[in-house]
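Heads up: the structure comes next, in structure tokens.
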Amino acid sequence: MDAAAEISQESGFTGESGAARIQERLQKRHQERIDDAERRKEAKESRSVAEEKGDYFFGTFNKERESIEDILSSCSGADRAVLTQKLEEATAKLLQLQKFLSDSTMFLKPYDLRQAQAALQKLQTSLTETREEGLPKKKFAFRTRTKAKDKSSAPEADTSPDAVTPAESGTSEVDGSAASVQCGISNMDNQCLTKTAEEIQKQDVLLSHLTNCKVHLFGAPSTLHLKHIDSCEILCGPVSSSVFIDQCKNSTLAFPCQQLRTHNTTDTQVYLHVTSRAIIEDCRGVSFAPFSWSYPTLEEDFAVSGLDQNLNNWSQVDDFNWLAAGTPSPNWTVIPEGDRRTSWDP
Amino acid sequence: MGLLTILKKMKQKEREMRLLMLGLDNAGKTTILKKFNGEDVSTISPTLGFNIKTLEHRGFKLNIWDVGGQKSLRSYWRNYFESTDGLVWVVDSADRLRLEDCRQELSSLLQEEMLAGATLLVFANKQDLPGALSKEAIKEALALDQIKSHHWCIIGCSAVTGENLLAGVDWLLEDIAARIFTTD
Ligand SMILES: Nc1nc2c(ncn2[C@@H]2O[C@H](COP(=O)(O)OP(=O)(O)OP(=O)(O)O)[C@@H](O)[C@H]2O)c(=O)[nH]1
Ligand SMILES: [Mg+2]
């Protein structure tokens, strides 16, 4: 029913102010209906755009794939000249298809991307096989030639860049093994450990083989590595690039960083501020909440790290072992608000 | 005319090169690529699939492929070997704990037939970190001196400061150009 008609009709039965009120209410309801319809339409449109793009992608991808398969299967029995030409065509098409896939990664779901990559790999393998079957000699001729050439020029290639390379910076010293010392803490049990800004600022920090420890890192390191951590609480100031975790269990971690890369980790809580993305690989029972630890110089350390304090993608975690479309990874969860740590006192 | 000769001819016309960037996850591949291209490096996420950049440099058209190095993606690396002129192997020079991993992955790559003709550039990246190993130490750890099958070179660099990225790419282009555009 037309909204204007509805309003004028109803206002005919009521007094002045009542009519205004009803009119207002109706107007509001009408607006809500419009908004709602708009929302539904938008959602539908964006969904269908994504679907259309996906459909278009797979339509084209599969057509191209089949045509390459056809070329390859027509290779058997062909004479050398024809075969060469066919292989050339297949190679060019395959490269094009690779490019097409890479141009489409923006809107493809991770699962679809994997499928397409697997299909490309299969094509690649059969192309290589077909070539090996049909043109074994050519290939070896090429290899032998490069090899022979390499023998004479490889040492020269190794030394020549030194000429174009400006003198090495202070980090490299005469004795490679003694040249640099990594900043960090290793092999500790049942300890409370602290590092200050002076110790870790702009450093690459490594914590390894710690059990039942409480670690407070005040300051802004360049990067942080955690390896073999068991039942620890590790809190760290803003890390300007990546945090890399391997083999950590039953622990609580908190830090801001640019990237988080978590591997082989189980039953661990991460209170995270991440400005790009967090990923997990080969993990179970990892849970996330927004970074909530604080200490007096946190703001200054954020400034030193260069991280954007207002940009936090803590809940957008990619699982490299779970790229299925639609279904969320069973390997990580968001910590429910009621269960989050609020106090970080030592 | 063989396939490779044809491809060579095709490339000669366009002065086009295909570079493949590989290395362990977190090495800094995507950061190097973006820094080299003058883009913002602060928003880079770990690579889920791959990135491709086409850019002009010193009169060459470079197709640079940057493939994710996460363990679960490494089996897909071979998808990108075809027609590679230059392999850029990126190392996190401060990641001592994974140098052995790094050596193994590189050495198995170098045995790949499809990469047989490619020039190898090793970027000893993250030289800005105080704990970074020197390029000499990396050369030793990766046993580069034992490589006889490829032209190779190692350069210490930093994707964050941009130091030596140009020197590395220039060496690579020169080596490839000498091989594919002027010989025969
Ligand atoms: N300090 C320092 N950090 C760097 C340098 N290059 C890269 N990084 C940091 O290292 C982390 C990983 O860099 P990426 O470029 O994502 O690494 P990648 O090799 O592409 O990793 P994958 O995509 O997983 O294969 C990021 O946090 C970068 O900011 C460098 O030269 N110095
Ligand atoms: Mg990357």
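Positions of Cβ are set from backbone N, Cα and C atoms, glycine also.
Because TrEMBL annotations are produced automatically, they should be read as predictions rather than curated entries.
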Check: Looking at TrEMBL, which one out of B:G69, B:G168 binds GTP in the same site as B:G23, B:L24, B:D25, B:N26, B:A27, B:G28, B:K29, B:T30, B:N125, B:K126, B:Q127, B:D128?
Finding: B:G69
Item checked: Site with most surrounding Cβ atoms, counting all protein chains shown within 10 Å, from the binding-site residues B:T30, B:T47 -> B:T30
Checklist line | Binding residues B:G23, B:L24, B:D25, B:N26, B:A27, B:G28, B:K29, B:T30, B:G69, B:N125, B:K126, B:Q127, B:D128 (GTP) - maximum C-alpha distance in whole Å | finding: 22
Notebook entry, point to check: What three-state class does DSSP give B:T30 (Mg(2+) binding site)?
Noted result: helix
Next item on the list: Would you mind pulling the DSSP three-state label for B:K126 (GTP binding site)?
Entry: coil
Check: For the binding-site residues B:G23, B:D25, B:T30, B:T47, which sit with their CB under 6 angstroms from an atom of ligand 2?
Finding: B:T30, B:T47
